[in-house]
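As recorded in TrEMBL:
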| type | residues | note |
| --- | --- | --- |
| DOMAIN | 75-178 | domain 'Phosphatidic acid phosphatase type 2/haloperoxidase' |
| TRANSMEM | 40-65 | transmembrane segment |
| TRANSMEM | 72-93 | transmembrane segment |
| TRANSMEM | 108-128 | transmembrane segment |
| TRANSMEM | 135-154 | transmembrane segment |
| TRANSMEM | 160-181 | transmembrane segment |
Amino acid sequence: MELFILILVFLHLVMLNKMQNMDDVTKMTKDVTVKFKLLWKIITYVFSPIDIMLFCIFVSTILWINGNSKLACWFLLSLILTDVVGIALKITIKQKRPIDSICHRKGYSFPSGHVLSAMTLIYLLIFTFNLEKNIILVCIFITILLGIISSRIFLRQHHLLDVIASLVLSRICFLIAIFIWRIL
């Protein structure tokens with residue numbers, strides 16, 4: 001799924017004619033960024049790691065109320081552990097944000113917490129509720145994820161590598177979570 005999403009992001013950027021090569025992705029023209037700046041900021045705030053965690057707590061609560069306490073705990077702890085790994089990497093690597101950042105946020109760039117949390121939540125939702133075959137929901141998830149990825153890059157909060165690494169890290173953490181689930 002990550003490869004599919006990366007290809008979609010790449011094609012999206014190529015179709016916008018905003019990159020001649022992979023290094024140009026964070027140096028896109030200002031008119032596109034300014035034109036959609038409000039949209040990118042809305043996506044950034046609506047799908048922040050904190051809001052994603054709150055949604056995860058909500059889903060876990062619903063699972064718990066419905067008698068799936070083991071699944072509820074696994075669901076919540078999977079996202080918490082993924083976020084902890086992301087924060088630990090940020091603190092360890094200390095990658096600075098792009099110099100020409102539009103929002104001038106503090107903190108480190110690598111990995112993208114927004115993308116890491118969102119991708120992990122999508123994996124958890126698809127696995128927990130067996131949504132692989134629900135094409136409409138999967139398309140909605142992919143669209144939301146592409147919006148989050150675009151917002152992080154267009155607002156110049158992250159380098160392309162930060163976003164790609166977040167997708168890969170999310171997959172690794174999810175596979176570990178699946179392994180733990182099967183042991184339980």
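Note: Cβ is positioned from N, Cα and C throughout, glycine not excepted.
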Mean pLDDT across the domain 'Phosphatidic acid phosphatase type 2/haloperoxidase' (75-178), rounded to an integer, is what?
83
So, does the transmembrane segment (40-65) come close enough to the transmembrane segment (160-181) to give 3+ Cβ pairs below 8 Å, pairs being at least 6 apart in sequence?
no
Seg_contact(the transmembrane segment (72-93), the transmembrane segment (40-65)) with at least 3 CB pairs under 8 angstroms, min sep 6:
yes
With DSSP as the reference, give the number of residues of the domain 'Phosphatidic acid phosphatase type 2/haloperoxidase' (75-178) in helix, strand and coil.
74 helix, 0 strand, 30 coil
